[in-house]
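Undergrad: Next up is a structure, given as structure tokens.
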């Protein structure tokens, strides 16, 4: 790749139909974990006009009122009137949950957490870069900020004409592999009938874009596409069917890193799609925070029923202060990559997952997000002798 280029990432709001589905799946997981930390949960959700379908495999001693919980999440997300796309108070809720296969359980459940086998085969990636304060790629970082500000102004009533469904996209111009300025911002937001397109355009730029995008990244040539198709009244599940796990690039690094293909929401941490990806981020972030590289990508892979990974790979894209093979060795010595130890060390059996389902699983330094800690950075730096 040339050192001078444009790079684009997108984010979506919590009211986007796919994100509504993710929230429902993770809310169900959280409620189960409150009662049963040993539960096995794989919960998928589909939302469409007037209905929500919950399906998957759950094995647990917990009891939760799934219908009530689904309705609660839909209303809390802002869908409390059918003219917004769905009304959580009146929509149909269909429950098609079954139990986890006993064939899978016999390979995964081994008694002690330390011996826990991976819930499936798969490959996961973690990534970090020193482009932003949270060590996330710039385009996804700013896309998430735009969507969080849209939600903030909608909920506070500051921009009372906003509705829940929205998307943002940011294109960064890179020079010598470093982000220099924003070339293009795209933001589409659902709204009610009371706002004109001109007033909406001006308000989005003044009250959303300028509140979160640093002025030094905006130039006279920065292009804005605000609701570029015009009116956006029909949104949410009425406009598009929503499905769990369909925004995996929004959930991770905005396309700036590889993705193993597995979604996160609705899965308990015995599923390495989730826990392995969280561990990958934890490793990559600590490597960059330690100053061992400007950019780091980690791949781990697992076999179903096997506790240890079948492979580990570290790539610093030529930015490493020591060789990638040396960093890989330090990672192996510093981090325990057995599935059960990942769950234990990152404390993943807590009901924290609905918070992850919006605005990215990575790059938000919340107390619950243990994979965002940089508590291993000093150890890595000391061991690397740099």
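Using the three backbone atoms N, Cα and C, a Cβ is placed for every residue, glycine included.
Pulled these features from Swiss-Prot for this protein:
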| type | residues | note |
| --- | --- | --- |
| BINDING | 16, 165, 166, 167, 240, 246, 247, 263, 267 | ATP binding site |
| BINDING | 18 | Mg(2+) binding site |
| BINDING | 44 | K(+) binding site |
| BINDING | 57, 100, 240, 271 | L-methionine binding site |
| REGION | 100-110 | region 'Flexible loop' |
Undergrad: List, in sequence order, those binding-site residues among 18, 166, 240, 247, 271 whose Cα sits within 10 Å of the Cα of the residue listed as 'K(+) binding site'.
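TA: Among 18, 166, 240, 247, 271, not one has a Cα sitting within 10 Å of that of the residue listed as 'K(+) binding site'.
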Undergrad: Under DSSP, is residue 44 (K(+) binding site) part of a helix or a strand, or is it coil?
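TA: In the DSSP reduction, residue 44 (K(+) binding site) maps to strand.
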Undergrad: In angstrom units, rounded to an integer, how far apart are the Cα atoms of residue 166 (ATP binding site) and residue 271 (L-methionine binding site)?
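TA: Given the Cα positions, residue 166 (ATP binding site) is 30 Å from residue 271 (L-methionine binding site).
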Undergrad: Taking the Cα atoms as reference points, how far is residue 240 (ATP binding site) from residue 57 (L-methionine binding site) in Å?
TA: 25
Undergrad: Taking the Cα atoms as reference points, how far is residue 247 (ATP binding site) from residue 271 (L-methionine binding site) in Å?
TA: 18
Undergrad: Taking the residues 16, 165, 166, 167, 240, 246, 247, 263, 267, which the record names as binding ATP, find the longest CA to CA distance and state it in Å to the nearest whole number.
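TA: The widest Cα-Cα gap among those binding residues is 25 Å.
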Undergrad: I need the nearest neighbour of the residue listed as 'Mg(2+) binding site' among the binding-site residues 57, 267, 271, using C-alpha distances.
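TA: Smallest Cα separation from the residue listed as 'Mg(2+) binding site' among 57, 267, 271: 267.
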Undergrad: Do you know offhand how many angstrom separate residue 16 (ATP binding site) and residue 57 (L-methionine binding site) by C-alpha?
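TA: That separation, Cα to Cα, works out to 25 Å.
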Undergrad: What is the pLDDT of the region 'Flexible loop' (100-110) when averaged and given as a whole number?
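TA: That stretch averages a pLDDT of 55.
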Undergrad: With every protein chain in view, how many other Cβ atoms are within 10 Å of the Cβ of residue 166 (ATP binding site)?
TA: 27
Undergrad: Among 18, 240, the binding-site residues in question, whose Cβ has the most other Cβ atoms within 10 Å in this structure?
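TA: Of 18, 240, the one with the most crowded Cβ is 18.
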Undergrad: Rounded to a whole angstrom, what is the C-alpha distance between residue 57 (L-methionine binding site) and residue 267 (ATP binding site)?
TA: 10
